[in-house]
Amino acid sequence: MKTHKAKRVEITIEAIMQSRLTEALTKAGVTGFSVLPVRGGSGRSGAWVRAGEIGRASGMVQVICIIRPERLDALLEAAFAVVDRHIGVVSIVDCEVLRAERF
Amino acid sequence: MEQILTLATNNLLSPIILSFALGVAAALARSDLSVPEAAAKALSIYLLFAIGFKGGVSVSSHGLDAKLGLSLIAGIILSAALPLIAFALLKVMTGLSRLDAAAVAAHYGSISIVTFVAATSVLESSGITSEGYMVAVAAAMEAPAILSALWLISRGGDGRRMDSDLWREILLNGSIVLLVGSFLIGWVTGEEGLTEISSFIVAPFKGVLCLFLLDMGLVAGRGLRRGGGVLRPGVLAFGVLMPLIGSAFGLAAGLMLGLSMGGVALMMVLSASASYIAVPAAMRVALPEADPSIYLTLSLGVTFPFNLTLGIPLYVAVASALTGA
């Protein structure tokens, strides 16, 4: 089966910044993404679990986008403008998709 | 003094406080006891609706007076002014950076609605009535402190912009909408409305509050376990001293407004309490470089338990002594 090269961008960010990030991505033309809750983890501020948090200030979410390689720079510029000053991780991996027209 | 001790003892041995203590102890002992997130959310919705509704019914029964407007104005002024005092105190007592001090200060101008709910429960148990519109004062005191903190930062040459999304999140956060909305429903439907749903919002109230405070105890205990190390002695002392200072300003405002004894006590509680839901969220957006482990641990792990166990009986006793009630 024929596959097409794509980039998978995973942005782990504070839940409070989720809507700002997805709006920025949409404005940059990235309309396809998934948002996943993060149940816990450990980083520079120590370990945490979602069950032990109160309010949305401390929780994290992961925004995942799969895009064509040529659209990567626009996505990263839009994302960086939002996540620059905040806790979070942005990672990019190469992947392949079946239906290129959807990305 | 005897009255304070009696109130404190009764308060400490109430099911509400003991439930909170159980939660703290379980978390510190690393028990796997937990309240599911969705259940905790449902409990908080119930409590906010009940307290707002009952406040509205009280206003409906006793009618409106000029004190409502003046109390709202006083609450807004207190919320905006207390961070300035907290900031000055933090600079003297702690070695916190300007950014961290401003973020902490914002928490102490805003309010803890759970502390307010617990205080109204203590007043009701003691047969003390209060002005129903104090619920609206609580809602009005959530946001001004955030503006004061941002002003403190901008004075240091580090201007921060409040975007429209942040404004919306602060002014229309779920707690405020529910509290004000249920207050209006209670106001419109009055005693008749209360009679219709009293079996739901009056009788189970304390039991639900116990469960909610069990969860709050778990959260506070986990926070202390995780973030206790970041609190130096000066910061810890601030977490106990600032509520006392805030309550003194609340006392002065309540007395000047001529509120009832219960109203004065609640104004003290509101001024003494520190936010741990609305303000941390705003600080993460507006001041992301400020260390959340300092302001969250201080507000939730130190000031909240202090107010819940010792502060509330103290404020009630002082309000009682100074209003002659």
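Including glycine, each Cβ sits where the backbone N, Cα and C put it.
If you look up TrEMBL, you'll see B:12-31, B:70-90, B:102-121, B:133-154, B:166-188, B:200-221, B:233-257, B:263-282, B:294-318 marked as transmembrane segment.
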For this session: Test the contact criterion for the transmembrane segment (B:233-257) and the transmembrane segment (B:102-121): 3 or more CB pairs under 8 Å, pairs 6 or more apart in sequence, then answer yes or no.
Result: yes
Problem set entry | Contact between the transmembrane segment (B:263-282) and the transmembrane segment (B:200-221) (at least 3 Cβ pairs under 8 Å, separation 6+) | no
Seminar exercise, completed: Long-range Cβ contacts under 8 Å made by the transmembrane segment (B:102-121), restricted to residues 6 or more beyond its ends, are 16, 44, 47-48, 51, 78-84, 86-87, 90, 96, 130, 134, 138, 141-146, 148-150, 152-153, 175, 179, 205-206, 209, 212-213, 216, 235, 238, 242-243, 246, 265-266, 269-270, 272-280, 282-283, 287, 290-291, 294-295, 298-299, 303-304, 307-308, 311-312, 315-316
Exercise. If you count Cβ pairs under 8 Å, which stretch among B:166-188, B:200-221, B:294-318 touches the transmembrane segment (B:12-31) the most?
Worked result: B:200-221
For this session: Report the listed stretch (B:70-90, B:133-154, B:200-221, B:294-318) having the maximum count of Cβ pairs within less than 8 Å of the transmembrane segment (B:166-188).
Result: B:133-154
Exercise. So what's near the transmembrane segment (B:200-221) in sequence-distant terms, Cβ-Cβ under 8 Å and 6+ beyond its ends?
Worked result: 15-17, 19-28, 33-35, 40, 43-44, 46-47, 49-50, 53-54, 114, 117-118, 121, 194, 300-301, 304-305, 308
